[in-house]
Structures are given as structure tokens and as C-alpha cells.
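One structure is given here, and the rest of the page talks about it.
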Amino acid sequence: MVFGEFFHRPGQDEELVNLNVGGFKQSVDQSTLLRFPHTRLGKLLTCHSEEAILELCDDYSVADKEYYFDRNPSLFRYVLNFYYTGKLHVMEELCVFSFCQEIEYWGINELFIDSCCSSRYQERKEESHEKDWDQKSNDVSTDSSFEESSLFEKELEKFDELRFGQLRKKIWIRMENPAYCLSAKLIAISSLSVVLASIVAMCVHSMSEFQNEDGEVDDPVLEGVEIACIAWFTGELAIRLVAAPSQKKFWKNPLNIIDFVSIIPFYATLAVDTKEEESEDIENMGKVVQILRLMRIFRILKLARHSVGLRSLGATLRHSYHEVGLLLLFLSVGISIFSVLIYSVEKDELASSLTSIPICWWWATISMTTVGYGDTHPVTLAGKIIASTCIICGILVVALPITIIFNKFSKYYQKQKDMDVDQCSEDPPEKCHELPYFNIRDVYAQQVHAFITSLSSIGIVVSDPDSTDASSVEDNEDAYNTASLENCTAK
């Protein structure tokens with residue numbers, strides 16, 4: 001019994017309600033239950049038909065006027081104590097989710113939990129949520145790794161049905177898995193070196209030494225490096241495309257799309273430069289080509305094929321859109337508020353550069369993100385106070401979702417490393433064939449039958465099997481061995 005059950009004892013003249021919860025029987029007066037009419041037991045007293053009663057309880061005895069509930073009797077003692085005292089207490093040894101489901105069944109809100117148990121209950125609930133999230137993340141990571149490994153095996157199986165399947169499989173494994181063998185590592189290192197060389201050449205080409213009044217000056221060395229890099233990128237993409245087991249899945253891979261986009265500007269520029277006629281359309285096309293040349297920076301994304309960290313970052317952002325959206329929302333609200341505040345106190349100052357709300361947007365953005373270029377800044381005391389508040393709020397707002405995103409990044413990074421380790425095997429995974437089933441008695445009978453047949457073939461036949469003793473069997477075996485030896489000698 002719970003202590004609260006002794007506070008109230010129904011009188012003889014009061015109408016009682018008989019409750020049976022998992023074998024625990026208790027008689028409670030109606031006035032006690034009607035104190036909380038929105039709970040399950042409170043609604044039970046307002047039912048006017050047996051059908052309505054059975055919707056709220058598991059069974060009902062008309063003769064005994066007893067309501068039966070197939071629930072945990074030990075938990076119901078705390079529910080019953082709630083009706084007597086108006087306060088809900090939490091068991092020490094109880095699972096938080098089980099208790100939460102139980103009070104939800106009885107229609108009791110968590111707000112009725114007493115202050116002595118509320119903080120402990122919320123702490124346990126948060127801990128359980130964190131453990132549950134970690135477990136789900138691990139399960140998803142494990143399931144995803146298993147699915148990707150299974151997909152890798154299925155891709156290998158497709159090569160058996162393709163033309164030049166074995167050759168294409170060897171090429172595909174070496175192009176997709178740098179840790180497969182020494183040649184695959186050399187290909188990966190070469191590809192990484194070409195990507196870096198292309199980025200360096202693009203950056204060097206933008207220096208003042210390679211510029212004039214008309215624009216960029218074509219340097220033979222840099223142009224040769226650019227052509228060599230594009231030739232490598234084109235050949236690499238073509239080899240991947242030819243060796244891929246499925247052309248459709250090949251173009252669904254974001255890394256392959258990046259490879260394709262990285263070579264488009266070069267060929268688009270080459271196509272425009274071959275046009276000799278001059279027209280307005282060609283001039284406009286030239287401007288487009290200049291923009292496309294800037295797209296060469298996307299080649300740096302090719303490093304994701306060789307970087308576990310970049311792939312993990314992409315997976316983290318893809319699965320953290322809710323947290324990223326929340327971060328952008330917080331920043332947008334803060335920028336809007338502080339830009340208006342700083343504009344209202346700085347607009348009349350001649351020495352201030354914060355003369356419009358769009359300029360204040362820029363100032364609030366670099367302030368909340370704690371960048372602080374210093375190109376625009378407040379000059380009044382009120383403006384400096386607002387700026388200090390803006391910076392502090394920016395630190396707090398940015399720090400809240402970053403922790404969640406960082407935890408997800410750590411999990412995806414570890415998952416990606418585990419997958420790379422699994423794919424480092426020297427040989428591709430093979431099918432696990434089932435073991436053949438056989439009966440040992442059948443095998444023994446077949447061996448004996450073969451032995452008897454061989455005896456018959458050399459003229460040793462047992463006339464009466466029942467009269468055969470151990471010595472005769474030994475004689476037959478000696479004769480069989482002698483005959484076999486003679487046959488081998490003759491051969």
C-alpha cells in the first residue's frame with residue numbers, strides 16, 4: 001500500500017466503485033474519482049451504457065459492479081494515491097518510459113508530478129531520450145553500413161552478366177576503392193595530385209602578373225597544365241562510366257556529377273573560342289564562359305572522393321537539415337531585430353556609416369557570427385550597448401545547434417572510417433554457399449556397396465552372407481588388396 005491510501009476511508013453510506021487492476025482490488029468512493037473528471041476513472045463514472053464502459057476498461061462485472069483493467073498493479077498504487085492526495089509521485093526503480101505510458105493511459109498529465117519527484121523525473125527522461133537517440137543513431141549507422149556493403153556485393157555480382165565483366169570489375173574496384181591494392185592507391189594519389197595542381201594553376205592564373213587591360217593572359221605553361229588536368233579528368237570520368245555496372249546509378253552518385261561539372265567550363269570555353277564570327281550572341285556567350293571559368297573552383301569538391309572528412313561533412317549536413325534550418329532561423333530573427341535597433345540609434349549620426357537598414361543587416365550578420373570586419377561600426381553609446389548585446393546573443397545562438405551537429409559529424413566520421421576499413425580487403429567479397437546436406441548412413445552404405453561390387457569384379461563372392469565370420473572378411477580384404485596391387489603393377 002502507498003501511504004496516501006490511508007488518508008481516506010470511505011464511509012458505510014457512501015457509494016463505492018470497485019476496481020480490479022491486474023488482480024489488485026480496491027474500493028474507492030465516487031467523490032474521490034470525480035475530483036479529476038478528465039482522467040480515465042473520472043470519465044468512467046459518467047458512462048450511461050455498458051458499451052461506453054467497455055471502451056474505458058477491459059471488462060465489467062454487472063453483478064459485482066467491478067471494473068477490471070489489465071494494467072500493472074504496482075503502478076496503479078501510485079495512480080490511486082494521486083486521486084487521494086492530488087499529487088503524483090514517481091517510483092525510484094521504475095522505467096521512465098513505462099511510467100510515462102502508464103499515466104498517459106490513466107489520463108493523468110505530467111504536470112501533476114510533485115516537486116520532490118519532478119526534477120528527477122525530467123532528468124531521467126532526458127537521459128533516456130539521449131540514450132535512445134544514440135542507440136537509434138548506432139542502429140542506423142550499422143544498418144546503413146550493412147546495406148552499403150550489401151550494395152557493394154550486388155554491384156560486383158552484376159559484372160558476371162556484363163560483357164568483359166571480369167575486366168570491368170577489376171577496373172571498377174580499383175577506381176572506386178583506393179585501399180584495395182597498390183595500383184588503386186597509385187591511381188588515387190595521382191588523381192589527388194592532379195586536382196591540387198589544377199586548383200593551384202587556377203589560383204596562379206588570377207595573379208596580377210598574368211593580367212592585362214583586356215583580361216587574363218594565356219600563359220603556355222599554365223595552359224599546358226590546364227589541358228593536362230582536363231585530359232586526366234575526362235579520361236578518369238570516361239573510364240568510370242565505361243566500367244560502371246549500371247549507367248543509371250552512376251549518374252545518381254553526387255561525386256560523379258561533380259566530376260562532370262568540373263570539366264564543363266573548359267569544353268564550353270573551347271566551343272565558344274572556335275567561333276570566328278562576331279555577333280551580340282557570341283559576345284553574350286563570352287560573358288557566360290567567363291562565369292563558367294569561375295566554376296572551375298568546383299574541382300576542389302573532387303577532393304571528397306579521397307577525403308573521409310569531406311564525405312562525413314556532406315552526410316552530416318544532409319542529415320542535419322533541421323538543426324541547420326534552426327540555426328539559420330535564430331540568426332535571421334536576431335539579425336532582423338538588431339539591425340532595426342542599431343538603425344534607430346545611429347541614423348542621425350553623421351559619423352556613423354549605419355545609414356540604412358540593409359547596411360545594418362550586413363553589420364548585424366558579421367556581428368552575430370562574431371566575424372567583425374570593422375568596416376561598419378556604431379559610434380554612439382546606445383549603439384555600442386546594442387552591439388555588445390548582439391555579439392553575446394550571436395555566440396549563444398550559434399553555440400546551441402552546433403553541439404548537435406558536431407555529435408552527428410563524429411558519428412558519421414566514425415561510420416565512414418569503419419566502411420573504408422571494411423573495403424580494404426585484398427579480395428572482393430565472395431558468396432557464402434550453403435553447406436551440402438548428406439546422411440552419414442547413406443555414405444557408409446554407398447562405400448560398403450562399392451566394396452562388395454569390387455570384390456565381385458575380381459571373383460571374390462560370399463556365398464552365404466550369414467555364415468561370414470571375421471576371418472573370412474579379413475581374407476577377402478587381403479585378397480582385394482592383393483588384386484588391387486597387381487592391377488596397379490600391371491598398369
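Glycine is treated like the rest: Cβ placed from N, Cα and C.
For 1-182 (among others), the entry in Swiss-Prot reads topological domain 'Cytoplasmic', with the evidence type similarity to another entry.
As annotated by Swiss-Prot, transmembrane segment applies to 183-204 (among others).
Residues or ranges marked as topological domain 'Extracellular' by Swiss-Prot on the basis of similarity to another entry: 205-220 (among others).
What Swiss-Prot records for 221-243 (among others) is transmembrane segment, and it gives similarity to another entry as the kind of evidence.
What Swiss-Prot lists as topological domain 'Cytoplasmic' is 244-254 (among others). Beyond the ends of the topological domain 'Cytoplasmic' (244-254), by six or more residues, the same chain brings 155-156, 158-159, 162, 168, 172, 314 to within a C-beta distance below 8 angstroms of the stretch.
Residues or ranges marked as transmembrane segment in Swiss-Prot (evidence: similarity to another entry): 255-275 (among others).
Annotated topological domain 'Extracellular' per Swiss-Prot: 276-285 (among others), in sequence order.
Annotation source Swiss-Prot lists transmembrane segment at 286-306 (among others).
According to Swiss-Prot, the topological domain 'Cytoplasmic' annotation covers 307-321 (among others). Here the topological domain 'Cytoplasmic' (307-321) has, by DSSP, the following mix of helix, strand and coil residues: 13 helix, 0 strand, 2 coil.
Sequence annotations record features per position, and here Swiss-Prot assigns transmembrane segment to 322-343 (among others).
The annotation topological domain 'Extracellular' is assigned in Swiss-Prot to 344-357 (among others). Here the topological domain 'Extracellular' (344-357) has a mean pLDDT of 88 out of 100.
Residues or ranges marked as intramembrane segment by Swiss-Prot: 358-369 (among others).
Per Swiss-Prot, the feature intramembrane segment maps to 370-377 (among others).
Per Swiss-Prot, the feature motif 'Selectivity filter' maps to 370-375; the stated evidence is similarity to another entry.
Residues in the topological domain 'Extracellular' (378-384) partition by DSSP class (helix H, G, I; strand E, B; coil) as 4 helix, 0 strand, 3 coil. What Swiss-Prot records for 378-384 (among others) is topological domain 'Extracellular'.
The transmembrane segment feature in Swiss-Prot is assigned to 385-413 (among others); the stated evidence is similarity to another entry.
Take the transmembrane segment (322-343) and the stretches 183-204, 221-243, 385-413: counting Cβ pairs under 8 Å, 385-413 has the most. Proximity of distant same-chain residues to the topological domain 'Extracellular' (378-384), defined by a Cβ-Cβ separation under 8 Å and at least 6 residues beyond the stretch ends, is recorded for 342, 345-346, 349, 351-352, 354.
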